[in-house]
Each structure stands twice: as C-alpha cells, then as structure tokens.
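Record features (Swiss-Prot):
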BINDING   81, 112  anthranilate 1 binding site
BINDING   81, 84-85, 89, 91-94, 109-117, 121  5-phospho-alpha-D-ribose 1-diphosphate binding site
BINDING   93, 226  Mg(2+) 1 binding site
BINDING   167  anthranilate 2 binding site
BINDING   225, 226  Mg(2+) 2 binding site
C-alpha cells in the first residue's frame, strides 16, 4: 500500500516510481478518493520528472481494469494521435482509419473530442453523421458488419471524469494526455500511434512492447503527431516485445513534400467536408498524408514482423487502392447507415 506523501515525495526528489505505485495512485484518482490537489500534484510532478515505461504501464493497467469492456472478434487495428502538436491540421488519423477499413482491416478507433485543436475525431465523425452514443454491444456488431467502429473515450473510461477538473485547471499537458492512445478498450492488437512529444514517443512504444502489442509509434520531424509529408519522421517499431527505431522519408514512397499549410484544417464541419472530398477522389497534400498514414497502419496490421520500409511500400499501395476503388467511400456510407439503425 502506498500513500500520497510517499508517491509525491519520491517524484519531487526525482525518483522513479514502480508500476505498482503509479497503479495505486491511478486507482485513488479513478475511484474519486484523490483530492484535486493530489491529482494535480501527481500529474505535474510525474511530468516534470519525466515518465518511465514502468510508470506509464501502471497507469494504463489501472485504466484497463476500470474500463467499460467491449469484445470485438478478429485482429483489430487502432489509428490515433495524441494531439498537442498545435498544428490545427485536418483529421488525418480519422481519414486513415476509414481508408484502412476500406483496405480490409478491422478498425476499432478510440478517440475523444478536441482538446487542443478545433476538431477531434469524435467531432468530425458526428459531423459526418455517425452516432457516438451507441452501447458497446452495438459498436462491436458494427465493427463486424462494416469493418470499423468508434469507441468514444468518455464512454469507455468514465472514471477519468475524476481527473477532468484538475486537468482543465492546470491548463498544461500532462501524462494523462498520452493515456488515451494506450488504452483502446477493445485491446487492439495492432496500433498506429502518432505522438507529438519526442520524449514520450519511445515511452509509449515501450508500454506497447510490455503489453505484447504490435505498434508503430511515430512523430513528424516537423512536430506533427502523424507521419508527416512536409519532411521526414521518426518511427518506433514494436513487435515481439522489442522496440526498434528508424526513420521514414515520404520521398522514398513517391510522395511529394507538402507545405505545412496544406494540411491545415478548421472546425468539425470544415474537416468533415475535407473527408468527403478525399473519399470522392480529390488529390493533393491531404490525400498524400492520408495514404502515408493509412499505409503505416496497414503495415503494422498485416506485416508487423516485416521491416518498416518494405511493409510500408505495400501498405501505401493498398491505401491508394482503397481510395481509388471507392472502397473507403463505401465504408463511410455503410458506417453512417449502421449507426442510424
């Protein structure tokens, strides 16, 4: 059994905590037992010290223990970014999820409303006509019927509401900002995760490795929480409990360099229209970014043990075919219809 003075004292002294200690702290927070001051102190002290794989794993373990369960058969894929890059870009991961589903992956996307941008994944999906208030059993059925479903984080991790006030009042990013992509409630087997924070990206990769998940964690060298098309990206490739690091250059895949402004988005209605134009066949910088990120997701889903440069070539080709054949557009149409029933 830990205590708050013990946990906070260790963090203030710069000492690392065990997974058991962070799991205890998260249990206090998510049960409503921790005070606002204790939650804020823990969040800031852990962030200031710098998180370890073991510490974040303890937080993740507790979140999973208290999450609303959802059971979806088959090999599952999630594509999500941490946010926080302040790029105000279009919803690349959401579009990539639809394209990956069009290519045959079974996608269970875990996401939330916007925190630091104008439109989060939940916001744009609502604007596209997808209902978010369905029970877990129906969401699982939709995944099987359509090939994609969406788990709204607030519904599947309801105990996180206890951390909402201190997080909002702090007004700065903390470790909590990185937990959503690590806690897909369907326990997706393959994950393509964008992380804007260069310190946290390898930590997130380590958490996936510890859990035995196949994952690609990446960060654009321009700071984007995606595989970027404006320059190169760093990639942490997770398979078999091991993490390897490499780089991705879109030029190697025949993708032209883009200007940063070409990926800038707007509010949910604007970004939903960008999705529709992409699926209708519009070419350009947005399509290139989506093809690259959907290709990465398909690579980790289909070929997790292959070298990234080889798997990415095949993944990008499948992503292009998903768009060009109309398969991705049909996925969205079926998804909207399925959530309306």
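Heads up, the Cβ atoms here are built off N, Cα and C, so glycines get one too.
Distribution of Swiss-Prot features across the structure.
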residue : record                                              : Cβ contacts under 8 Å, 6 or more apart
81      : anthranilate 1 binding site                         : 92, 93, 181, 193, 194, 195, 196, 225, 226
110     : 5-phospho-alpha-D-ribose 1-diphosphate binding site : 78, 80, 150, 151, 153, 156, 180, 181, 183, 184, 185, 186, 188
112     : anthranilate 1 binding site                         : 120, 121, 122, 152, 153, 154, 180
113     : 5-phospho-alpha-D-ribose 1-diphosphate binding site : 120, 122, 123, 154
167     : anthranilate 2 binding site                         : 43, 174, 176
* Which of 225, 226 has the fewest nearby Cβ atoms, counting only those within 10 Å, among these binding-site residues? -> 225
* Asked: How many other Cβ atoms sit within 10 Å of the Cβ of residue 93 (5-phospho-alpha-D-ribose 1-diphosphate binding site)?
  -> 26
* Structure fact -> For residue 89 (5-phospho-alpha-D-ribose 1-diphosphate binding site), the number of neighbouring Cβ atoms whose distance to its own Cβ is within 10 Å equals 24
